[in-house]
Amino acid sequence: MASESSPLLAYRLLGEEGAAFPASGAGGPGGASARKLSTFLGVVVPTVLSMFSIVVFLRIGFVVGHAGLLQALAMLLVAYFILALTVLSVCAIATNGAVQGGGAYFMISRTLGPEVGGSIGLMFYLANVCGCAVSLLGLVEAVLDVFGADATGPSGLRVLPQGYGWSLLYGSLLLGLVGGVCTLGAGLYARASFLTFLLVSGSLASVLVSFVAVGPRDIPLPPRPGPNGSSLPPRFGHFTGFNSSTLKDNLGAGYAEDYTTGAMMTFASVFAVLFNGCTGIMAGANMSGELKDPSRAIPLGTIVAVAYTFFIYILLFFLSSFTCDRTLLQEDYGFFRAISLWPPLVLVGIYATSLSASMSSLIGASRILHALARDDLFGVILAPAKVVSRGGNPWGAVLYSWGLVQLVLLAGKLNTLAAVVTVFYLVAYAAVDLSCLSLEWASAPNFRPTFSLFSWHTCLLGVASCLLMMFLISPGAAGGSLLLMGLLSALLTARGGPSSWGYVSQALLFHQVRKYLLRLDVRKDHVKFWRPQLLLLVGNPRGALPLLRLANQLKKGGLYVLGHVTLGDLDSLPSDPVQPQYGAWLSLVDRAQVKAFVDLTLSPSVRQGAQHLLRISGLGLGCCYPGLRL
């Protein structure tokens, strides 16, 4: 298997020289030469844009209008609390060792093993693919709302034909643009993201200034069909400016029918929409293969991005509650345009965030797929994703992902898939928390992250919160995702994976067994609870299979040890001949289907060797060795 190095072995235990991975590793397609992105361009910018997405422009009024300011703030605090717990786990794992390409997949697989890591990695990849398609379709709908032939409202230009085929064409053209940027490499993507970041920041700044600079006004609401298809008379929402009465009216919840879907809103449905827009915390971690110093950039950049987006959301919630009546908030989710000093700048922000979110999802998906392909977990199916350019860009994985996104675009509408995408993201977040929790519980000596603001309590709370949120958003999607993860894990277990990554389950077992062995007190032994303890000395394992099984039946829940003496003197040998034999003896135990331990020793005579085994095994109550007289 390719790329079987472990970050926990390559760092700290090996010293400073072991902290650097070879250029041909999975750290990035082109090795160290491809690691060019700084913390700001590689982590802060893509994470901020992914966490904003289109929600910051088109769903602020939806959340505040239905939930009210108090419940909206509670939702935001709960959402960011869950995200913060996962961020703490990401920071701990990222600062524990060298992080290679693949982001969350790399962290999970090198901790929980290839079976669980590969299944979650593939689900995280599919979530990014579907997320890219959702962003593109959202961008198409936003464009058609203004420029479409069926656009409503006085600002509609009505120049673009509409329909399923046209929407697919527009989405495919935009996907071609996004795919072209990602195919040319992470450097161009970072520059394009930085430009998008400037546009979004300028648009948000204009919105924030407009809340203060614009005076009270009546805003026409989108027309709604009346009974029998007739149109209702024009209706207006009110932008009151800063008004304490408006704030008082917007404090409590006022759940009503969503004018875009006709569904009655509840706390869970509104929270799902809000949380769906905040699930981009892994955008920077997905770029781990292109970062100059991922162990520093991922935690620092992610924390900065989360804090910045949280502050902006809080500010927009307060400003909207102070200045807009509930009718405007509930009936016109795009009211930012109506109150802006320059409405076209808001449109630029909407288009820029959608385009950036699609680019972030596509390039993140390609990096995860490339890491999966390099690890060869799914065989020839992902072989094309291994192809890289001379500069180290995995254009094969980009094209592979581009094709899958194009297939998803054929669905035309992905409103029902949005919940599934969010659930897949939450599965990945829960797995990151579980990875950090396992390492912390195992007390592994090589788990010594420089980031210390976490504990097993935060990890456990993060796992529980993600699972709870999955079933709150969509019980069906949550159950289906866990079932899919189980099936993929079973497939990878049957296929076999690289064993040199290490399994944290073995460390957990060792930790627990050691703890309970220390509690075992021989002074409290009693004849009522006596169990047989057998040491079977085996000379020729080929002819001893029946004897092995007979002794296994005699032990009756007791302790059973297979012993073997190799004749020789260690002082006269170049190396210990016993150690290489352990694997073969363990295979014999598996083949014989007996529950036994194995002890091997090197001695000048069989008699001395048998005495050694009796002592080092801590046994002696029962001993079987045909033809040997002690």
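The backbone N, Cα and C atoms fix where each Cβ goes, and this holds for glycine too.
Listed in TrEMBL:
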- 42-535: domain 'Amino acid permease/ SLC12A' (DOMAIN)
- 40-60: transmembrane segment (TRANSMEM)
- 72-99: transmembrane segment (TRANSMEM)
- 120-144: transmembrane segment (TRANSMEM)
- 164-187: transmembrane segment (TRANSMEM)
- 194-214: transmembrane segment (TRANSMEM)
- 263-285: transmembrane segment (TRANSMEM)
- 297-319: transmembrane segment (TRANSMEM)
- 339-364: transmembrane segment (TRANSMEM)
- 417-439: transmembrane segment (TRANSMEM)
- 451-471: transmembrane segment (TRANSMEM)
- 477-494: transmembrane segment (TRANSMEM)
When counting Cβ pairs under 8 Å to the transmembrane segment (72-99), the leader among 40-60, 164-187, 194-214, 451-471: 451-471
Whether the transmembrane segment (417-439) meets the transmembrane segment (451-471): three or more C-beta pairs under 8 angstroms: yes
Contact yes or no, the transmembrane segment (263-285) and the transmembrane segment (477-494), 3+ Cβ pairs under 8 Å, gap 6+: no
Contact check, the transmembrane segment (297-319) vs the transmembrane segment (339-364), 3+ Cβ pairs under 8 Å, seq sep 6+: no
The domain 'Amino acid permease/ SLC12A' (42-535) [mean pLDDT, rounded to integer]: 84
